[in-house]
Structures are given as C-alpha cells and as structure tokens.
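**Student:** Please read through the structure below; I'll follow up with questions.
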Amino acid sequence: MKIWRFLLMKKQTRLPFDNLPFYNKVMDKTAIKKLISRLIDHFGMTYTSHILDQLKTSGFKQATDTAISLGIDDLLTAPSKGWLVQDAEQQGSVSEKQNHYGNLHAVEKLRQSIEIWYATSEYLRKEMNTNFSMTDPLNPVHVMSFSGARGNTSQVHQLVGMRGLMSDPQGQIIDLPIRRNLREGLSLTEYIISCYGARKGVVDTAVRTADAGYLTRRLVEVVQQIVVRRTDCGTVQGIFVSPIRGRERDINEVVVRTQILIGRVLADDVYINRRCIATRNQDIGVGLANQLRNIRPRPIYIRTPFTCKSISRICQLCYGRSTTHSHLIELGEAVGIIAGQSIGEPGTQLTLRTFHTGGVFTGDIAEHIRAPFNGKIEFNENLVYPTRTRNGHPAYLCHNNLSITIDGQNQVQNLTIPPQSLLLVQNDQYVESEQIIAEVRARTSSFKEKVRKNIYSDLEGEMHWSTNVCHAPEYVHGNVHSILRTGYLWILSGGIYGSGVVPFPFHKYQDQVDVQPFVAKHTDSYVDQVEHRSGDSNCYGKEEQIFSYSETETDRTISNEHRDSIYVTFSPKNYNMKGKKQMNRFIVSLQCDKEWGKRIIPCPDAILRIPKSGILQINSIFGYSNVEHGIPDGPNMTTPFSLDLSREGDNLQIQISNSILYEDGERIQVMSDTSIPLVRTCLGFDWEQIDSIESEAYVSLISVRTNKIVNNMVQISLMKYPPFFMGRRDNKASSNLMFHNNLDHTNLFSSNGASQLISKHQGTICSLSNGEEDSGSFMVLSPSDCFRIVLFNDSKCYDTGNKSNRKDPMRKIIEFSGLLGHLHSITSRFPSSQFITDKKVLSKKHSIFHNYFMDENMRISHFDPCRNIISNLLGPNWCSSSSEFCKKTFPVVSLGQLIPESVWISEDEPLPESGQIIAVDEESLVIRSAKPYLATRKATVHGHYGEILDKGDTLITLIYERLKSSDIIQGLPKVEQLSEARLNNSISMNLKESFENWTGDMTRFLGSLWGLFISARITMEQSQIHLVNQIQKVYRSQGVRIGDKHIEIIVRQMTSKVLISEDGTANVFSPGELIGLSRAQRMDRALEETIYYQTMLLGITRASLNTQSFISEASFQETARVLAKAALQGRIDWLKGLKENVILGGMIPAGTGQHIHRSGKRNGIDPRIGNRNLFSNKVKDILFHHDKVSFFSIQENYHNILKQPLKES
C-alpha cells in the first residue's frame, strides 16, 4: 500500500504512469529484482533509492510487530513419508538382488540407489510444502522457508522431511541415506553419516572462502587496466546470438533467451522482408528484444568485447549498457574491475551454502517422454538397437528420428523420438498413462569426470570370463586386460594350498584329499630314508599326520578283492616306481607282493583287468622304472615323490599286451586304431595295520579323450568298500553291467550306497585352467564349495525288457556320471516310441542304441562294439523327452555350464546360488559355487584366465563418467580450471580438432593459404564463446546470473597474446616470445617481413604475469624475478593501468566525472543510417588490415557471394 500511495503522489508531477503495473502479491527475491529494474527504468536512480528505503523501513517494522518464533510443535512431518520411504527401500532391495545375480555392477547399483533416494527426498519436500499450505499456511516454519531470507526449503526439509543423502569428506555421495529428520532424531549410524556432511560444510566454508577470495584477486588482476576510453572503435565484427533456444525441460516447450540480448549493441542492421527494424550500433532494450524474439528466427549479429579494436581498453558500443541503469556505459568506467568482482563475488558468498544432496542427480540431465494415455505402443524394431541405460536397465537406442504410435482404446497418437534417445519400452507393449517411454539426451552435456571404480572379489577361487577380452595397450606384457564387450566374469569357488607345505604325492586334477588338516598340520618327512625291517616299512623322520589314511603305514599290499577293477603289477624286483607325467598321463607308483589273499599269483610285467563296460585304448598307461636311483622296498604313499629323480634315459617302458583278460581268462582282442577312451577303472589298495581296523584306499582313474586331448583324473578316498556297487551278471557275453554312483554332500564324488567314508572332510583337487604347471600350489574344492541339487525326484522310466530284468532294480536305467564324461550303457531301456532327442519326441519305429557316450565338449556319440563306429547323436544342448507315462522333461544342462542364481532347473525350488555344473547324474547335479560379476565395455580385468584369486583381491576396474556436482562449492575448482586454461580442460582439447575441421572446409573454398588463415581465426573465436558458456554453466546451476559481457572481458584478456614462432623472426621478435595480438598485427603491417605467430589461450595467472606493466606484474607474483628481468631488459612502465598508479600514489586513469557533449553522430557515422562502407571494412578486417592483397579467382567468387545478401538488403 505504501508503494501505491507513493505512485499516486508522483502522479501529480505529470509523469507517464499509464504503463506502470500494479503489484499486489507476495514477492520473493526474484520478483523484487524485477520490480527494482522497472523502477529504475521509469524513475531513475534517485527516486528508486527513496522507494527502496521505504520498503526496508516497512519490512523491519512488520517483522518486529509480528515477532515470528519457532517451536517444536511447528515442525510437522508429512503423513506420506512412511510409504514413500517403504517404497524406496523396496526398490533398493530389488537393485541389491540384481547386483547379487550379476545383472548390475557396483556403479549402476550406486546410481540407482542415489537416484531412488534423491527422488524420494525431493518428492517428500514437495509433499511438505503442500501439507503446510493445506493444513497450516501461517506456520512459522512454512513462512520462513519461502521468505527468501537465510533459511530455505532445503534446510526446512531436513527438519520436518528427511535428512537425505550426505557427502563424505571427498565430496562423494554416500549411498546410505538418512531416513529420519532432525525432529524425529537420528540413529547412531545416521548421526555419524550426518556428521560427515556437517563437517564438510564447516571445512568448505573455511577453505573455499579463501579459494574464492584468491580467485577474485586473480580475476581483478588480469583485467584491472580495462577502462572505457572511447565511444566506438569502428569494428565490423561481432558474434551471432540466437534469441530462441530449443527444447530444454519439455520437447514442446521453447525457452526464450531474451536476457542475453538486453543491453547489447547491434553489429549489423536487422531486416525483415526488406524492412529495417533495427540499425547498426543501436542498443537493445526490452521492447526490441521481445520484437526480435517474435519475428526474427535467425541469429542476430551483436557487438562483443571479443572484437573490440581498442588496445588494452574498450569502447562503449562493444560493451553495451551498464548493468546498473538502462543507458550505455559511461566513459571512464573501470569495467575490468567490475567484471572481476562480478565473477568472484558469487563464489565468495555462495561458499556459505551447504548442499548435501548434490543437485547433479536431478532430472535436468535428460528429458522424459511420457505416454499421453493407456494403449499399445508400436514402432519399427529395425531402426533401434539394444543397449543399457546408465542405471543398467535394458533399453533401445535410436540413431535417427523414430516414429512411434500409441494405439489407445478410442484414440491414436503419433510421437517422434529425437535421435540418440533411449526407448525404455518394447514393441507391442501395453503402456499406462504418464508412463516414461523414452529418455531424450540433453542438448548441453553437464560437467563430467572419468572415475575408476575397483570391484573386489567376494570369495576365493578361480577366475573365468565369458566375454571377449584383450591386453590393455599400456599393459601388453602384464596381467591387465580390457573388456571388448559387456559380459560376465566368474569366480569359481575353491581354496589354494601350497604343495611345499603339504606332502601329497597325487596333487593332480580331480584328486580327492582331506582338506581339514591343511590349515593346522605340517610335516618334515624324509622320502629317501626308508629301510626294510622284519617285514615292516616305516618312514623315519619328523612326521605329523596329514591325511586321514596316513595312520595305516605298515605292510601295505596290493589287493584286488572285487571284480571288474584294474590293477597293475610289476616284476618282483622290488623296484620303487616314480610318478612321471608323460603324454598327459599320470602314472601311479606301486609295489607288489607275490601273495594275493591265500594264493600265490605270478607277476608278469603288466596285467590289466578291466570291467566289461569300460573301454581301454592300447598303450594308454605306461610304467616307468629308475634303476639308478631306486629306493628300497617300502610303501611311500604318504610322502611326495621327487620327480627330479626320474630321467628320460633311465626310464624302462613296460609294454601292455594287446589283449584284455576277463574274469574267467577269456581272451578278447582289442580293436586297433581306434579313439576309444578309458572311461573309469579302479586301483585298489588293501592297507593292513597291526593294531588298527582294516581299511582300504582306492585310487580311481578317469581318462577322457576329446579332440585328441586326453584328460586324466585321479580320485583317492579312504573307504571300507570299493567306491562302486557292482551288479550281478546273468550272462557272461552280455554287456549290460552298469556302474552306480550317487553323490552325497560329505563326499561329492563317491558312492553313498555300500561305501562309507571314514574321513568327513574330503576335497577334490582342481587343476589350474591357465595351462601352467605350478608345482608349488594347487586348488582344492572342499564340500562347502559344491552343492547338490535334485532335478526330478518322481521321474519314472519304464522298461520293456523281460520279467527278470524288471525284478532287478539295478537293471533299470542307471547312468554313470563321471566328472568330465559320461558312459551310458542302455539295453532296451526305452520303448520304441521314445528316445533321447533334442527337445522333442521323434517318430516311432526308431532303432534303439545300446551305448552312447557324452564327452567333455557336451557331444553325445554312439558306439557300436561290432562295427566300431562313433556317430554324433545329439547337439551340445540336450534333454530327454518322456513318453506318455513321464510327463516331465529334463532341463537342458551340460557339463561346465555356468548357471546364475534363482534359475529354475528343478521342480522344487530355484537354484540357491550361482555355480558351475561339474557332475551330472540322472536325477541330480553337482554344482561348484561361483559368483558372477558384470563387466561393461572398456573395463579393466586384473589377472589371467584361470588365475587363482584370494578374497578381497582387485578383480575389475570399471571406468565410467560421473557428473560433477553442480554445487558452487564443488564448482569453484571447475571455474578455476577453466580460468587457468589447464591442459585437461575441454577447451584446450577441442582447439586442435576444431581447427582441423575448419581447415578442411575452408581449403576447398578459398585455397590452402586463406583456408588456414581464416580457420585459425574462426577456431579461436569459437573457443572463446565455448569458454564463456562453460563458466556460465557452473554459476547458472545454482541460480546465479552473471552478465556474459563480464566473462567476455576476462576471456578477451586470456586470448590477447600470441606466441612468436621461429620462422623469419630473427630481426623482429625473439622466438617463443609472448606479445599482444594487436601489436603483432601492427608490426606485420609496418614491416615488409612477415611475422609468424600462433594464438594462445593463457590462464589468468600467466596472463597477469605477461602485461605491459612490470610494476603490476611484480606486485602480483614472483616479485624478485619480474623486477630483475625488467631491469635487465630495460623495460619502461607507462603507468596506463589502475594498479600501478595506485602503487605509486598517482591519479588513476578512470572516472566518470568529465562532461562530454553527446551528438547524434559518433566518428562521423550516423547510428540511424549506418556505415556506407561496411562491406569494405569487413573485407579489410577479415584480412587483418593487410594492404598488399592479391585476389585469385576463388577469392573473388567468395567475396561476390558475400556481397549478395548485402545488396538485397
């Protein structure tokens, strides 16, 4: 009301009040600024100051009368907070599961967590404002939060909403949010995290304030001599500014940039339909700016401090209007110091702010396109490509404009998705109203920085990967690899043990050992000190018990108590055989006695007994004897063999006969020239101890031949019975004898039927996959590293054989499961209407195969003993189909397959954890525990394939881009980086690329000489504009508006120096000397000799140390060096700047007190008419005022093209 009464009083003075608006509303800080600006335009500075004094007095009086205070009852929490927090926790739980399954890596999980909780916090803040407005609009907390004073909604939100996300001392966001507010109180963990943010705010206030003050000093230092000294410099150059900028918040919303035009001066006439609406050198006000915005779609040519010709000064028209009033800047104004203070002051003041939530995680990065109504979405799938979002969600990327159609119940709408956008829905998917269907990339990218995130292994085991990797270029000879495309890295569980500590002779692939004593026991045994004493053999030396079967150490005799097991005997010369690896075979060292049971058996060189269902290849097992380094008789199973004692020249090869002995001595000729593998045989040892129970140790050999590579496995277990239960024979000539091997959790690879283990801590040795023979260590799979899952408990298969077969349970389909191969002996086990096939039932009347074999490469082959034919039966992925009696099908699994967690491969429950299939039974699988890790493209892998890693080792290093915080506290280093022209900023990196692009285009039109010349100039002008935009982006992110002309003055000084090159400068300037650009141009025109130089982008510190005044330089930095150098060079300081005159106590060359008669003409140019010789001035300016110019035909055509738009206008 006081403002209105004041306006009525002034109305009597007959001032034009017709266009004055009537303000009758609550006004915040922004509205007050607009009001003051309008008051200055209409009344001037004097009257406006009186009005503001009355506003100030009225404001203090009303605040004193109201006496607003805060109480704890005024802190009201929004009722929707409970379900908002619960929903955010549920989303976080889903992200945690996806990370555990390997679908998200740690960085994507962190991004999701931060965005979820930031969105929850922001939504709760909006709910807080709505709650106050509806329930208690005069709440003191609500009134203070919108007063524009010290408090704001962010601080009130921490009182009544939720504290939200905090930052650690390094400025990184902590992914654990504070769910409570200060009214509810904090838990211990939340209090500690809250102290991080509070401490960061206190430290930043102290440290950043000094940094901002020093930045202000450097900015003022570099531009202190810039003063307005003339009205018009006569330049015809400028920059183009578009009054309209495209889509920002919404694709249909046009954001108008009229503020950039207000206060500027036109560099050229503006025409619309041959009608001039604005002339050159005319300043732009609010009315003209709105007019240009509405009717001028093309960019507007305006004057800028970049192109002012005044040397170390600036003119009125290149600067434009003053920021304090609506007139041109006055002569004598020290605009340089004003520019430095305008940029540095917001940084000094805004360091008092503490934003703990980090404004980077808002929706400003990308725009979202939402569905207008419910319906089905349709688009062309051939125009999109699958990809992943920054949060790990699947999406489609479109490179060009994509047209999508939303078909609703009663309406159809077409939308166009811009290029490089992400489509978040699938084709023919039903979408709901307001559902996000696409994400449009922002036109202007935010500040980003590359960050390395290390992923550590959660368990001990062996590294495998399922994606393409290559050597990183900087680590060609190391173990660092680079990911070529997104894939998984697996850590297969297993423990690594050193064989130098544990004396074990058979630490080879698939050995079973006792894993419990590894961590507690140690031995120092002597292998070469064994003597024979009265039939007993003992090892002398310091020895502790390592394995469970090491207690039986006397009179060990080879025994073969069960049929169908292979045993090797040697001549009774008491040779001690050494272990020797030959042709990928492992040889077991044995000794023999002449007695077997109660009979005396002759010992030929080699006798092999093999079960009828097994197949043996000729000359596949060799025995080696070393006569020179023989060891006396005695068992040495508990001591490691010294492989160095065996030399190739001393080895005695024992040939194996070409016949196989059956149980009754029946001779059957072995088929020659075949690739028949030895599937499984048994070596039995009967260890008799004097004062202990009778026990046996069985050594099982598994040999699988795949692609001409033979893999061997040795299994050692201490049992009371052989590891396999053998079925009886009804016919000697039949081949329907089958093994039965079920798996239990105690010993994963032995029978749980008749065999009972004495040791309960059995483990299996797993060879290293990298192919390196490491005798110092080996990996052991303990029972905790593997688990068993039952596939189908109630699956039934029916036999069509005779009645005697049906009565025998062992005559059913019994599948032998090896660790690397399967031997299936089937005799009429399927009806003629069913057979094992690839996911479907074949037609009837198929022949029944009796034997088939599945090798390591998951290839199932058929073997016919009569014809000796191996045929490929099924593909890599196989399953068995049931008949009408068996309704269920087996899942498609294969040996070595890596299966993620929660995959349904069983009818009872999903897979409890991720793993690798290492054994397949008819109704169960043995799975080795594993952990998948997602690795994106260009990530770094530390280690080789098959390398053993401990828990906590660095596994992957992810390289990703992180948005820098838009907080001014974090933004000040960015402003400093840009102002100092550091080498790693985007401006310096883009200079060379921009120059090369412009050179290629200009050379085609103007030739090589002028192409390079103009390209260098255009590149520098573009870098200047880009540098201004980058600095503005930091301040505008916090709502701080700084005039572009202030930053342009700073950038002008940063680009005002050139570097003299070495060509042809011996008589003029020294090579490498920094001089002013205007000085180089004047000297080039005055001298006949051409001066070669290149433009430079200097930082504000370096630019301050390269000025014309050595007094100013010495007062800034490096005083002794600057003064000594100036004395040696004989420099003269002409005291043209403000700083040097202040130091010496002289009169400063600035001030606006002088009176100047203003006329309608400036330098003989009427601003209403413009310059008639504008084109000639432009041509001279392009050539840097070169007088001697020879034009070629290409140049003449270029200038003719330039003349055309001017003639038309």
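Just so you know, glycine gets a Cβ as well, placed from its N, Cα and C.
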**Student:** Given that Swiss-Prot assigns CYS308, CYS315, CYS318 to the Zn(2+) site, pick the one from CYS233, CYS398 that the record assigns to that site as well.
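**Tutor:** Same Zn(2+) site in Swiss-Prot: CYS233.
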**Student:** Which of CYS233, CYS308, CYS315, CYS318 (the binding-site residues) has the most other Cβ atoms within 10 Å?
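**Tutor:** Max Cβ neighbours within 10 Å, all protein chains included: CYS318.
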**Student:** Residues other than CYS233, CYS308, CYS315, CYS318 within 8 Å, Cβ to Cβ centroid, of the Zn(2+) site?
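**Tutor:** Leaving out the recorded residues gives ARG230, ASP232, THR235, ARG303, PRO305, THR307, LYS309, SER310, ILE314, GLN316, LEU317, TYR319.
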**Student:** Could you find out if DSSP has CYS308 (Zn(2+) binding site) as helix, strand or coil?
**Tutor:** coil
**Student:** Would you mind pulling the DSSP three-state label for CYS318 (Zn(2+) binding site)?
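**Tutor:** Once the DSSP labels are grouped into three classes, CYS318 (Zn(2+) binding site) ends up as helix.
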